[in-house]
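Trainee: Just dropping this structure here.
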Ligand SMILES: NC(=O)C1=CN([C@@H]2O[C@H](COP(=O)(O)OP(=O)(O)OC[C@H]3O[C@@H](n4cnc5c(N)ncnc54)[C@H](OP(=O)(O)O)[C@@H]3O)[C@@H](O)[C@H]2O)C=CC1
Ligand SMILES: N[C@@H](CC(=O)OP(=O)(O)O)C(=O)O
């Protein structure tokens, strides 16, 4: 078993990490860190548990430590980070001196030599690790996963990008409140309402998606060459981001072929049989009223994106549109970091 630690362990994403790691066949939770508000307390006393399942027995008595790497158990090999981005930017490089950091925070995603990875989409970006270690003189390294809306979108776009020529994409999101953390959106702001702004989200979706679908030239990422415009909105759903996607190709959109390409899509995690890999990363539904967050967010344990209403766009030439749902704190956060770590454990450690 590989010993792992979780930073930000008391938070919304930290709790997902614990839920997903509790019975993991290869990883064993050895350390939990949070802010000085929580450090020194037993995990069960430091945490207001938000998950539907009970808090795992194995973590209840673990004493929460300060996030400083000096406090981290030296037997830990992988540290999962679900820290606020500004704090992650300071702490993650400190951890990378000695530990593998699988980060879910946005701070380091677009930095040179730091792989931003979805294992089904761009596992080859892990090749940057050698340069990262050499350039920083680190024994460990940092690998990041994308923003929650970006992950679901990019999983569905990868098979299209590989098989057709994309000209431009518009995407409009309807994002769950859990995406902002437990204290992120007051109920008075979101009940009976919708908030048409999520700070920084549109910029992240636009840049990260093109980066993930791009190619490596040495250690430089050459972004994919199409236009992408995002509009992001918060809706009163607890978990599961929904996105309406509009795609213009260079050629006529053959709907049956596009559906088959998406449904047949498999990547390296499926080939390697990684524990958290969904059998099918993209599920295509035919019902007129799917996908819906309540019904589809838990597809393959929350690790698959579900697509529906895939149809020709009658208003524009060579165009089609669809709706997708992805679980924001599983495939969009903790599950994504864990899948990255499973790939690293199989191929690098
Ligand atoms: N929620 C989501 O869907 C997604 C979130 N993310 C990213 O994951 C990260 C965590 O998000 P989320 O779990 O929602 O946030 P929460 O606010 O729910 O949790 C934040 C965690 O970080 C800890 N923390 C806060 N400040 C400090 C500090 N100064 N020093 C040490 N620890 C600190 C908190 O500890 P304490 O309890 O002691 O205060 C808590 O454990 C963020 O970077 C977010 O952007 C990414 C994708 C999706
Ligand atoms: N901003 C996302 C969640 C998030 O924290 O994303 P990021 O990891 O890119 O900061 C949401 O509100 O749903």
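Every residue gets a Cβ built from N, Cα and C, even glycine.
In case it's useful when we look at the structure, here is the feature table from TrEMBL:
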- 148: active site, acyl-thioester intermediate (ACT_SITE)
- 241: active site, proton acceptor (ACT_SITE)
- 10, 11, 12, 13, 37, 38, 178, 179, 328, 329: NADP(+) binding site (BINDING)
- 109, 204: phosphate binding site (BINDING)
- 175, 201, 234: substrate binding site (BINDING)
- 3-129: domain 'Semialdehyde dehydrogenase NAD-binding' (DOMAIN)
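Could you place the listed features in the three-dimensional structure?
Mentor: Annotation note: residue 148 (active site, acyl-thioester intermediate) sits in a helical segment as assigned by DSSP. Long-range neighbours of residue 148 (active site, acyl-thioester intermediate) (same chain, six or more residues apart, CB within less than 8 Å of its CB): 175, 179, 241, 326, 328, 329, 331, 332, 333.
Annotation note: residue 241 (active site, proton acceptor) sits in a strand segment as assigned by DSSP.
In the three-state DSSP scheme, residue 178 (NADP(+) binding site) is classed as helix.
DSSP assigns residue 204 (phosphate binding site) to a helix in the three-state reduction. Residue density at residue 204 (phosphate binding site): 21 other Cβ atoms are found within 10 A of its Cβ, drawing on all protein chains shown.
The Cβ of residue 201 (substrate binding site) has 147, 149, 173, 175, 230, 232 as same-chain neighbours under 8 Å, each 6 or more residues away in sequence.
Summed and averaged per residue, pLDDT over the domain 'Semialdehyde dehydrogenase NAD-binding' (3-129) gives 97.
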Trainee: Listed recorded positions are 12, 175, 201, 204, 241; which sit with C-beta under 6 angstroms of ligand 1?
Mentor: 12
Trainee: Going by Cα-Cα distance, which of the binding-site residues (10, 12, 37, 178, 234) sits nearest to residue 204 (phosphate binding site)?
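Mentor: Of all the candidates listed, 234 is nearest in space.
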Trainee: Which residues in the same chain, at least 6 apart in sequence, have a Cβ under 8 Å from the Cβ of residue 234 (substrate binding site)?
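Mentor: The list for residue 234 (substrate binding site) reads 175, 177, 179, 180, 185, 190, 194, 195, 196, 197, 198, given in order along the sequence.
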Trainee: Do you know which of the recorded positions 37, 148, 175, 201, 204 end up with C-beta under 6 Å from ligand 2?
Mentor: 148, 175, 201, 204
Trainee: State which of the following recorded positions has the fewest other Cβ atoms within 10 Å around its Cβ: 37, 109, 241.
Mentor: 37
Trainee: Over all shown protein chains, what is the count of other CB atoms within 10 A of the CB belonging to residue 12 (NADP(+) binding site)?
Mentor: 23
Trainee: State the count of C-beta atoms found within 10 angstroms of the C-beta of residue 10 (NADP(+) binding site), not counting that atom itself.
Mentor: 23
